[in-house]
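Structure first, then comments.
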Amino acid sequence: MGRKNRNVNKFAQRKREKREQEKNPQVKPSGDTRKDYEEIVRENATFEQYYKTQKVCPEEEWTTFMASLKENLPTAFRITGSKAEADALMKVISSNYFSALLNGEVKDDGTNEIVKPVNVPWYPGGFAWQVKLSRTDIRRSETLYKLHNFLVAETAAGGVSRQEQVSMIPPVALDVKPHHKVLDMCAAPGSKTAQLIEFLQAEEDKMPTGFVMANDVDNSRCYMLVHQAKRLNSPCIIITNHDSAVMPALRVTDPQDPSKTVPLKFDRVLCDVPCSGDATLRKNPDIWLKWSVGNGNNLHGIQYRILKRGCELLAVGGRLVYSTCSFNPVENEAVVARVLREADSSLQLRDVAGELPGLKYIKGMTHWRPASKDMVFYDKYEDVPERWQTVVRPQMFPPTPEEIEKFHLDKCIRILPHHQDTGGFFVAVFEKVSPVPWTNEKDPQSEKSEEKESKKEPPQKKRRIGGYREDPFVFFSGDQEDVYPSIKEFYEMKEDFDAKCLLTRCYVGKKKNIYLVSPIVKDVLKRNEANIKVINTGVKTFVRCDNKNMTCPFRLSQEGLQSIIQFIGTKRRVDILREDLIVVLQNDNPSTPPDISKFTEHTQNQLKELATGSCVLEYKDKESNLRLTLVGWRGVHSLRAYTATPDTVHYLRLLGADTSKYEVNKFKAAEEQSETDVSNVDAMKVSNAEEKQTESVEDNEEDTQTESIEDAEEAQSSK
Ligand SMILES: C[S@@+](CC[C@H](N)C(=O)[O-])C[C@H]1O[C@@H](n2cnc3c(N)ncnc32)[C@H](O)[C@@H]1O
């Protein structure tokens with residue numbers, strides 16, 4: 001029997017498939033079951049019997065509950081970025097991309113009702129939207145081609161995150177602030193991690209003092225997290241690859257005495273655990289075919305162990321969210337109750353309904369009946385036949401009347417699909433009021449042994465982690481570092497910038513990219529080198545560009561600009577006017593950058609004083625407070641921006657400029673193709689296949705686009 005290879009490189013596999021598909025558009029990429037989904041009979045008698053018995057839904061709502069589960073899932077998305085940027089994008093969406101929907105031009109296929117976009121009431125800032133159309137509906141509608149293009153491009157630029165509405169709840173319930181140390185225990189593919197980072201970075205212009213550690217046991221899925229982190233350009237994220245049930249104990253510098261360390265405890269922990277996923281039936285209809293009562297039973301153990309470890313790593317006074325996309329009380333309340341039972345009042349459930357205004361839900365359950373695979377239900381463990389006793393465990397049973405009083409499981413939140421036309425979801429919010437009794441959190445002896453552990457010598461060469469070779473993380477030694485003095489001089493780096501937070505990914509050889517991490521991230525990495533498997537960290541801040549008439553061999557990188565700009569002096573900054581920035585962005589062909597004579601006198605005067613090379617283009621709209629900062633390049637006679645295409649379009653949109661050259665109407669394109677003797681049907685097929693491909697990878701695949709564009713531009717400008 002062949003052994004399952006956990007370490008298949010899914011990105012490489014997808015790229016191979018993409019190449020295959022370009023040759024033959026009829027070939028479906030692996031995992032693309034969308035067409036099959038339309039053919040799936042959305043029924044499962046065992047599923048119905050199980051959940052009817054559990055009473056997961058009030059009896060009078062059962063028919064609506066089941067009917068809703070059989071419908072396709074609406075599309076939901078969030079607007080990201082700073083408040084001013086998100087406000088500007090909201091305006092653009094309402095006036096340009098929602099116009100067909102707001103004008104009542106789009107109707108629901110089934111009910112023929114007019115489809116209107118719904119603002120999600122409980123999402124902070126009103127930045128989340130839901131439209132009662134599936135992704136496929138939007139993709140296939142000519143009326144909505146602009147909205148579709150917008151969603152795809154803005155997802156790539158990081159202006160929008162497409163995410164199921166209910167999946168947005170845990171990070172909001174976690175209430176993350178910029179100073180929090182946050183652990184996301186089961187993070188991949190990373191939609192919630194992205195939200196955590198957004199909340200952490202809520203204060204524009206300030207580097208957060210907290211950080212997010214995003215962990216996943218699956219090595220290849222960790223690279224989906226790398227993609228998310230890259231979109232958000234954060235110096236405050238560490239991606240790790242551990243079984244979170246045995247997540248290592250980490251240490252940080254003692255703030256009272258920097259010569260010592262203290263255990264790292266997290267202010268916020270997210271346990272979005274692996275689950276049977278049966279509340280995602282609307283998005284994943286194949287679950288109708290394979291649902292079994294055994295799935296939930298089998299997952300209870302690992303869910304409990306992850307939650308328990310999360311509670312250990314949580315700081316006293318901190319908050320932990322446990323969530324699943326399952327309806328099953330064995331995966332939900334039973335896990336919560338099991339940990340509360342062991343916690344002996346050190347943990348308490350918190351009622352967060354008030355923090356999610358307008359969210360419809362039902363309260364957590366206090367009674368359920370575990371079942372074995374043969375669909376026999378049990379009221380107590382003693383009734384379970386011996387052959388099922390290793391599967392149906394005593395801890396899966398509901399709490400006693402005394403425990404019901406004590407645990408307050410009714411503070412858990414259950415969302416059913418018909419509540420607000422979403423998938424189902426379960427959320428429990430814990431607060432830690434004292435150390436958990438099963439660990440020796442107060443015992444200095446145990447802390448000492450942990451300290452010894454984390455003081456091991458760092459590995460001197462690349463480590464092999466889960467089958468992949470990870471490049472090392474090599475920190476600068478400050479002003480003594482060979483390349484830093486030229487960077488410091490060229491960009492007039494301020495004295496309070498800690499160059500020791502810069503790092504490269506090689507011990508020897510020419511440094512190509514220089515990354516930046518925040519001081520706390522650096523501390524965590526340095527103090528725990530020997531016992532954490534770090535997959536990625538740091539935001540690309542400087543990129544080598546030799547032969548460019550520059551006294552400094554490094555240009556700025558757009559990814560890291562936001563994090564470093566506060567430390568850059570005035571010499572390399574250009575205060576650019578709106579009309580000039582539009583000229584720069586609209587002339588985005590790197591081989592024909594706009595001539596300096598094309599700009600206003602205001603901008604030209606500054607450029608006269610600016611030596612050739614990398615610079616910062618700064619634009620501020622006084623009325624809206626919208627501030628854009630872009631990496632520019634002052635050529636001998638020209639000025640251009642160093643932005644990848646999705647970012648260019650994003651900035652043009654924010655500036656209210658014309659983006660029509662990027663708004664390809666694939667339906668018109670297909671028509672034109674059919675006129676040139678290509679079958680209309682075939683052209684549409686190709687176009688649809690390409691888009692399916694984009695959609696299937698957009699949330700998952702590493703974003704190589706920015707890199708390749710930057711490389712191409714670099715090649716151009718070094719000519
Ligand atoms: C429900 S998904 C998480 C979704 C993610 N939080 C998001 O919002 O995108 C569960 C994840 O848990 C990971 N996982 C499963 N067992 C794990 C373990 N023992 N430790 C850490 N991660 C685990 C899986 O690889 C999977 O990526």
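Note that Cβ sites are derived from N, Cα and C of the backbone, with glycine treated the same way.
These numbers come from a predicted model, not from an experiment.
Residues or ranges marked as region 'Disordered' in TrEMBL: 1-35 (among others).
The compositional bias 'Basic residues' annotation in TrEMBL covers 1-17.
Under the heading compositional bias 'Basic and acidic residues', TrEMBL lists 18-35 (among others).
The domain 'SAM-dependent MTase RsmB/NOP-type' annotation in TrEMBL covers 65-433.
For GLY190 (S-adenosyl-L-methionine binding site), the Cβ neighbour count at a 10 Å cut-off comes to 29, with all displayed protein chains included. Classification of GLY190 (S-adenosyl-L-methionine binding site) by DSSP places it in coil, neither helical nor stranded. For CYS186, ALA187, ALA188, PRO189, GLY190, SER191, LYS192, ASP216, ASP243, ASP272, the entry in TrEMBL reads S-adenosyl-L-methionine binding site.
Annotated active site, nucleophile per TrEMBL: CYS325, in sequence order. Look at CYS325 (active site, nucleophile): DSSP puts it in coil.
Marked as region 'Disordered' by TrEMBL: 438-465 (among others).
If you look up TrEMBL, you'll see 440-460 (among others) marked as compositional bias 'Basic and acidic residues'.
As annotated by TrEMBL, region 'Disordered' applies to 671-719 (among others).
Annotated compositional bias 'Acidic residues' per TrEMBL: 696-719, in sequence order.
In the three-state DSSP scheme, ASP243 (S-adenosyl-L-methionine binding site) is classed as coil. Per-residue confidence over the domain 'SAM-dependent MTase RsmB/NOP-type' (65-433) averages out at a pLDDT of 94.
Across the residues the record lists as binding S-adenosyl-L-methionine (CYS186, ALA187, ALA188, PRO189, GLY190, SER191, LYS192, ASP216, ASP243, ASP272), the two Cα atoms farthest apart are 20 Å from each other. Sequence-distant contacts of CYS186 (S-adenosyl-L-methionine binding site), defined by Cβ-Cβ distance under 8 angstroms and a gap of at least six in the same chain, are ASN215, ASP216, VAL217, SER244, CYS271, ASP272, VAL273, PRO274, ILE306. Taking the Cβ of ASP243 (S-adenosyl-L-methionine binding site) as centre and 10 Å as the limit, one finds 14 other Cβ atoms among all the protein chains shown.
LYS192 (S-adenosyl-L-methionine binding site) sits 13 Å from CYS325 (active site, nucleophile), taking the Cα positions as reference.
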